[in-house]
Structure formats: structure tokens, C-alpha cells
Amino acid sequence: MAAPAFLPELATQVVVPVAAVVGIAFAVLQWVLVSKVKLSPDPRRGDGSSPKSGAGASEYLIEEEEGLNEHNVVVKCAEIQNAISEGATSFLFTEYKYVGLFMGIFAVLIFLFLGSVEGFSTKSQPCHYSKGKTCKPALANALFSTIAFVLGAVTSLVSGFLGMKIATYANARTTLEARKGVGKAFITAFRSGSVMGFLLAASGLFVLYIAINLFGIYYGDDWEGLYEAITGYGLGGSSMALFGRVGGGIYTKAADVGADLVGKVERNIPEDDPRNPAVIADNVGDNVGDIAGMGSDLFGSYAESSCAALVVASISSFGINHEFTPMLYPLLVSSVGIIACLITTLFATDFFEIKAVDEIEPALKKQLIISTAVMTVGIALVSWLGLPYTFTIFNFGAQKTVYNWQLFLCVAVGLWAGLVIGFVTEYYTSNAYSPVQDVADSCRTGAATNVIFGLALGYKSVIIPIFAIAFSIFLSFSLAAMYGVAVAALGMLSTIATGLAIDAYGPISDNAGGIAEMAGMSHRIRERTDALDAAGNTTAAIGKGFAIGSAALVSLALFGAFVSRAEISTVDVLTPKVFIGLIVGAMLPYWFSAMTMKSVGSAALKMVEEVRRQFNTIPGLMEGTTKPDYATCVKISTDASIKEMIPPGALVMLTPLIVGILFGVETLSGVLAGALVSGVQIAISASNTGGAWDNAKKYIEAGASEHARTLGPKGSDPHKAAVIGDTIGDPLKDTSGPSLNILIKLMAVESLVFAPFFATHGGILFKWL
């Protein structure tokens, strides 16, 4: 027997929950620091007089230099923030009602399907992998899988909701801090983002750890059954993420497209102008789509990669010999990730201060590089302390001998591949580089050339990320079979706290700019919030790149676990059963994208009509003497997104069940492989095309270079062409693209959870033929 790991079981039982608690405590600390920015006017300065002497020159507010009444500005900011927060909360509550109903129905399905594998028998059954041993009954597996599913789903919903609450709490505070300088505003926005990042990473880890320990009380030595039941946690997390992403994406883009087309193109009013009836809905959308949706999405990826790794480990030497510390290696990696991200965050908020606008984007990029470098050291430490020197990993029926340094390489290759994908995404979507500048330049000849250039950019941007994913799959699979792929995905997600902080920072800055415009703040403040927002746009594209790359690896790891569990010896493309699955699976992402894009289109159509109606029928609206009816626009977005999120959600959730029951596990394995291969390509190209069009428009609007000034100013023909490109790109980058990575993961994890049922009762049609 191999030498045990250095870290005793007791230490692991302490390290994991302590890291999670530290993460949650750090999130609370950041929130306390953000809440020090007050949203009520300072009573001493209600008359607009200057602050008490000794406050330091840097604390002088721009408003005072320009003689504006500070009291009115703060009150206005608080009102707008309140309207955005109420809109977001009411939408999420409405969405969660429907999602809760779905969760209940699906939980019952899991229980019935898995319970029926052994005819609801309560007798112990022979183990599936450890021959000669007895395991807990299938009914227990059904019950615990259902509980894990509900746990994952609730954690996912709560993380999304809390993220949205924090973002709507911080947006106006960022606007007010922008009066003191760009550095102060950056710190407020970034701190708020890190509240969400750490809360989500730590709570995801904590709930999983608690579930493993509580389930272990019943399962005892049956680790095979225990970790198979835990896979329900990943399914719960991702199924909620699907509805959050699709529903939130439709909401935000319906409002955005409606506000842009009528406001900017037809009426020639600036973005976020308070006269635009869709402006509140647009700002609400940033929170429910980009924050609540993204949070649930990355939580789902994290839960699934952990579950995929745990399932494979439970049937390897770790599980067979009941070695607790190496068994929880995936959780140890995540624990170190939280600490590494905590150190990294301090670099942005405490060690260095941002003084100029052009320091914002480098500061965010440094976050990615520092977290990756610190994490590499952390992984080396965990692999040395938490793993025996040599062990065996389950490899499709055989056991493969692996060394601890090989697992370190697997996690590290995932981590660094994530960074490569992030930077390639940035190169193709940031207006600091030639690809986006070329797209902006193509606007000279109208919208059509802009669209052609944008699409070409998106397709081209797929090349390097796919090579990076392919390299990490080849290396990690060669070293440690499917377990290697699962921990590579976990490596890519190990810096999730920093990734999410950067990601949430974008919508917070975007909202801050909107609030500045609506509160009638000075042009200089709007310039500062725009600079924060432009950096946030690029980093949001980087976040999407991470999400898609990790989804590909997670999906492959889950696919491997499914193939093992469903007792398929080989997936042979030359057999018709598999090939028909492959070709249908490759079609699914297109069907799904068609549904989501058409949903955005039809919702945007209603929004455009409503905004036009208000401009045409409300007297004094264009002059700014009367207020528009914001509530109707919020209602249109809410109703449309709730109604439209159900068909795409049903497509993803029902496909594995229908294929598994009617055609059996071989055809289902083809469907999963096909969806993975085509879904990744569409997701990357859609996200990057949309991101490039958005930043080409911003490049023209900012007019920061000589080239950009020849295309501008706002309202010029090239600018109008750029707005049209941006509007086409909106559903691509914020609805279809990001939702596709959930499609690939979700179908794989669902197939894995239902694998025992499909293996026993599936393939009805082929049995008849």
C-alpha cells in the first residue's frame, strides 16, 4: 500500500471549513467598508458650503467647485438606486417562484427515477465498482441525490440573490465616490464585487463540505454511494443557473436593445438619459443578468467540477482504501483558492492606489496574473501535503498509477489555460488592440461592414482558446485519466473569488455611470464612471471566457464519469446509435441559441413599441419637464423573460431524459459529445463578437485617439452603425453565448445523476427494434 498523505484527516476536517469561514468573513469585512460610504446627505453641508478645513484638498468634491447643490445630488442618487434595487428584487422573486416550482417537480423526478432502479427496494445491493462488497440500497441513493439537488439549487439561488443585493447596494455609492476621484470609485466598485466573489466561493465550498460529512453519517464506509449521491449538488446548482442566465439575459437585453434603438438611434439622446422610459429596466437588467446569472453560472461550474472529481476519486484508491485527505483533494484546492484570492484582492484595494484612468484596466489584469501565480504555489503545497506520493486512479475499468506531482500538473495546466483564454478574449474584445479598432474602422461604410467584421472577429477568436482547452485535456487525461480533466477544470475555477469580483465590478460600474447621468451630475464624473465601465466591459468578456473554458473541461469530466457509471466500455462513433446522437447533439446549441435570440428579439420589439409610445404620447417628455413611466418598461422585461425562459430551459432539461429513456446510454453519450464540441465554439464566438461590437461603439464614443476622433462624435454615421452592431451583439454576448456553457455542463451532469436509471431501464426503442 502507498505511503499516506502528510496531512492527517483531522487537519483536513479543520482546513476546509476554516478557509470557507475566512472567505465569508472577508466578504462581510468588504461589505462593511463599502457601507461606510453614506447615501444620505451630510447635514453640515446641506447649503453646499465647503467642508470643514483640515479635510484635505483631495476630499473636496467636484460639485462644490462647480457650485452645484450636493444635497439634491445625493438624494437623487439614493432615489435611483432604490428604483433599481426594487426592480431587481421583484424580478428575482417572480423568477424564483417559477424556478421553485420546477425545482420541486424535478426533485420528485430524481427520486422516482433513481428509486425505481432496484424497484424501490430497501435491501442493500452489491456495489457497482467494488465487486464482492455490499452498498446502500438504490432507494437511499435516490433520497440523498434529491437532497443534494435541492441543496445545490438553494445555494445557487441564494448566491445569485445576495450578489444582486450587494451590487444594487454599491452602485450609487460608487457614483458618489467618483466625485472624490477615480481611485476611490474603483475601490468601492471592486470591494463590492469581491463581496460577491468570496461569498459565493466560500458558501459553495462550505455547503458541499457539510453535505459530505452529513451524508457520511448514513453511508459510513460506502463511499461509492456517498459521492454518487453528492453529484445531485452539481445538478441543482447548474439547473438554477440555466434559468438565472436565460431569464436574466432576456430581461437585460430586451431593456438594453429597446433603450438603445429608440433613445440613441431615433431620438438622439445620450445613454442612460432619465427621459428614456427603458433606462431603469436597463440598469436593473445589468444586475439580474450579469450578476445574479453569472454568479449562479460559475457556482454551477464549481459544484460540478468538484462533484466530477469526487465521483472518480471514490472509485480510485482514495475511495477504496478510505483515505479521507486525498479524497477531499478537490475541496482542499478550493480552500487554498479562497486564501490565494484574498491575498490577491488586497493588491487592488490596499497595497496600491489607482490615481489615473489608464491604471484601471492594468490593475484588473494584475488581479488575474497575481491570483494565478499565488494559486500555483498553493496547488504545489496542497498536492505535496494532501496526496500520497503514488496512488491509483480509475480509468474506464482499469486502475492507472499516478504520482502526486502529476496531479499538480493537471490542476496547474487548467489554471494557466484559464489565464491564456482570459487574455486572448481580452485581445479580441478590448478597444486597446487592433481587432476591435478594425471593427470600429469598418463602421465608416455603414452597419453591414461592421456586422461582417464583427462576425469574422468572433470566429477567429475561437482558435487559440480551443487549442488551450485541447492541450489541457490532452495533458491532464494522459497524466491522470478523467480525474485529471476534472481537477484541471477545478484549477481553472480555483481563483473563482477573484474572477467573480472582476466580473461583478463591471455591472456595478455600468450602473454607477447610469446613476450619474440620471442624477444630472457633471460631465467629468460621467467620464470617470465611463472609464470604470469600459475596463469592466473587457473584464466581463474575460470572465465569460473563463466560464466557457471551464464548462468544456467540466463537461468532459462529467461525460467520463457518466460513461463509467453507465457501463459503456467504448463510445464508438462508427456505430449508428452513437453517430445519430453525435449529430443531433451538435445541433442542440443552435436550436437553443435560436430560441434565446428570438426571445430577446420579441421582448425587445415590445419594449421598442412601448418606449416609442411614451415619447409620442407623453407631453413634455423630450423636454424633460415630465417623468416617463419606468414601471411599464420594467414589467414588459419581467413578463417577457419569465415567459421566454421556459422553452430553452425545457429543451436542455428534457433532452437527456428523453434520449436516455428512448434511445439508451450509447446514443446519449453521442448527444453529450456533440453538444460539447459544437457548444464551446458557438459560445466563444458569440461572446467575443458581442463584446467587440460593444467596445467598438465605446471606442468611437470616447474619441481617445486620433483614429477614434475621425469616426465620431456621438450621432455621426459611423457611430450610428456602431450602435446597430452593438445592439445585434447584445443578445449574443449576454444571452445566447453565456447560456450555452450551462447547456453543455447541465446535460452532462444530468446524464450522470440519472445514469443508474438509464443503464437499467433506458433504450426502450432499441429494445423493441
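Yeah, the Cβs are placed from backbone N, Cα and C, and that goes for glycine too.
Automated prediction, rather than curation, is the source of TrEMBL annotations.
What TrEMBL annotates here:
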type	residues	note
TRANSMEM	14-34	transmembrane segment
TRANSMEM	98-117	transmembrane segment
TRANSMEM	198-219	transmembrane segment
TRANSMEM	327-348	transmembrane segment
TRANSMEM	368-391	transmembrane segment
TRANSMEM	403-424	transmembrane segment
TRANSMEM	451-475	transmembrane segment
TRANSMEM	481-502	transmembrane segment
TRANSMEM	546-566	transmembrane segment
TRANSMEM	578-597	transmembrane segment
TRANSMEM	651-684	transmembrane segment
TRANSMEM	742-766	transmembrane segment
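Sequence-distant contacts of the transmembrane segment (98-117) (same chain, six or more residues past either end, CB-CB distance under 8 Å): 138-139, 141-143, 145-146, 149-150, 153, 157, 232, 235-236, 239-240, 243-244, 642, 646, 649, 653, 657, 753-754, 756-757, 760-761. In this chain, the transmembrane segment (578-597) lies close to the transmembrane segment (651-684): three or more C-beta pairs between them fall below 8 angstroms, excluding pairs fewer than 6 positions apart. Remote same-chain residues near the transmembrane segment (451-475) are listed as 409-410, 413-414, 417, 420-421, 424-425, 428-429, 435-436, 438-439, 442, 484-485, 488, 545, 548-549, 552-553, 556, 680-681, 684-686, 688-690, 692-693, 696, 724-725, 728-729, 732 (criterion: CB distance under 8 Å, separation of at least six residues from the stretch ends). For the transmembrane segment (481-502), same-chain residues at least 6 beyond its ends with a Cβ under 8 Å from one of its own Cβ atoms are 23, 163, 190, 193-194, 196-198, 200-202, 294-295, 298, 301-302, 305-306, 308-309, 312-313, 316, 329-330, 333-334, 336-338, 340-342, 344-345, 364, 367-368, 371-372, 375, 378-379, 393-396, 400, 402, 406-407, 410-415, 417-418, 472-473, 475, 539, 542-543, 546, 549-550, 553-554, 556-557, 560-561, 564. Non-local neighbours of the transmembrane segment (742-766) in the same chain are 110, 113-114, 116-117, 138, 141, 145, 149, 228, 231-232, 234-235, 238-239, 241-242, 245, 297, 300-301, 304, 307-308, 311, 551-552, 554-555, 558-559, 561-562, 565-567, 577, 588-589, 592, 652-653, 655-657, 660-668, 671-672, 675-676, 679-680, 683; each lies 6+ residues outside the stretch with a CB under 8 Å from one of its CB atoms.
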